[in-house]
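Annotated in Swiss-Prot:
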TRANSMEM  2-22  transmembrane segment
TRANSMEM  70-90  transmembrane segment
TRANSMEM  100-120  transmembrane segment
TRANSMEM  146-166  transmembrane segment
TRANSMEM  171-191  transmembrane segment
TRANSMEM  222-242  transmembrane segment
TRANSMEM  254-276  transmembrane segment
TRANSMEM  294-314  transmembrane segment
Amino acid sequence: MFTINILLLVIPILLAVAFLTLVERKVLGYMQLRKGPNIVGPYGLLQPIADAIKLFTKEPLQPSTSSTTMFIIAPILALTLALTMWIPLPMPHPLINMNLGVLFMLAMSSLAVYSILWSGWASNSKYALIGALRAVAQTISYEVTLAIILLSVLLMNGSFTLSTLITTQEHLWLIFPSWPLAMMWFISTLAETNRAPFDLAEGESELVSGFNVEYAAGPFALFFMAEYANIIMMNAFTTILFLGAFHNPHMPELYTINFTTKTLLLTTSFLWIRASYPRFRYDQLMHLLWKNFLPLTLALCMWHVSLPITTSSIPPQT
């Protein structure tokens, strides 16, 4: 039974990832006043399937100087972690209702750094290594602010359990009392998922494709799927944290519809940002985080800690 549950979670995610690639190409196309994919199937709807068949039937080439084991493990690890992070997300019922769901999410996103590092290092190519080092520095840096923002939100929530966030936001979305945190969180998730304008790891003009430059066919497709699964997951997480979906215990379907709509809107905004903004310079990226976001998030975290104490109230206990 548990296997069926896992499959019922994983298969829709992989389908969503497949069609997100199509949506992205369509959105970028229309924003640049062209059509986007429209040959394969009606309105180009079969394009992702054609892409998948093409990628997985090609020969997976491998550089002769690369270290084989790591080269193969890295993409598998990337996709596995991307799918694992969906486990504690309440939609409205999570696959496993963890007491420390938020901590689990943080731990998994930190582990994702290893797949990037291994892929860059195992490729034995200087471009892949530079791309991997950039990606690792960026991901690790932005995780600092993500963790502090999460801490501030959890002080309002009262526990590390993600399901209680639904109850916390029954009357008021957390984006209203903590909108600066929400804005910084959104920008940090852009950086965390290596999306434009923070896609320095895959700067085409200087690094060809970044850490996955030596990958072809199947393994490359795994990296690609991991990236898009992470994008949808981060937006779902943002929805749960700040845009608490409407929850009526008698009609859980309404929650799911509400939740999916908000997640889709956020994902579309990711694509919109990609079409609108140029890439940051590397020093600007780091400056934004260490000089702007970190002091602000720390100050707001102290505010969230001290306010309940000052007003002699206690944070919600669960």
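Glycine residues also receive a Cβ, built from the backbone N, Cα and C atoms like all the rest.
Quick caveat, the model's predicted, so the values are computed rather than measured.
Ranked by the number of CB pairs under 8 Å to the transmembrane segment (294-314), the listed stretches 70-90, 100-120, 146-166, 171-191, 254-276 are led by 146-166. Among the stretches 2-22, 70-90, 146-166, 254-276, the one making the largest number of Cβ pairs under 8 Å with the transmembrane segment (222-242) is 70-90. Beyond the ends of the transmembrane segment (100-120), by six or more residues, the same chain brings 70-71, 73-75, 77-78, 81-82, 84-85, 87-89, 94, 128-133, 135-136, 139-140, 143, 146-147, 150, 154, 160-163, 192, 201, 211-212, 215, 223, 226, 230, 237 to within a C-beta distance below 8 angstroms of the stretch. Tertiary proximity for the transmembrane segment (254-276) is limited to same-chain residues at least six positions away from its ends with a CB under 8 Å from its CB atoms, namely 20, 23-24, 27-28, 31-32, 91-92, 166, 186, 190, 193, 195-197, 231-232, 235-236, 238-240, 243, 245-248. Counting only same-chain residues 6+ beyond the ends of the transmembrane segment (70-90), those with a CB under 8 A from a CB of the stretch are 9-10, 13, 62, 96-98, 101, 104-105, 108-109, 111-112, 114-116, 118-119, 121-123, 162-163, 165-166, 212, 214-215, 219-220, 222-223, 225-227, 229-230, 233, 236-237, 240.
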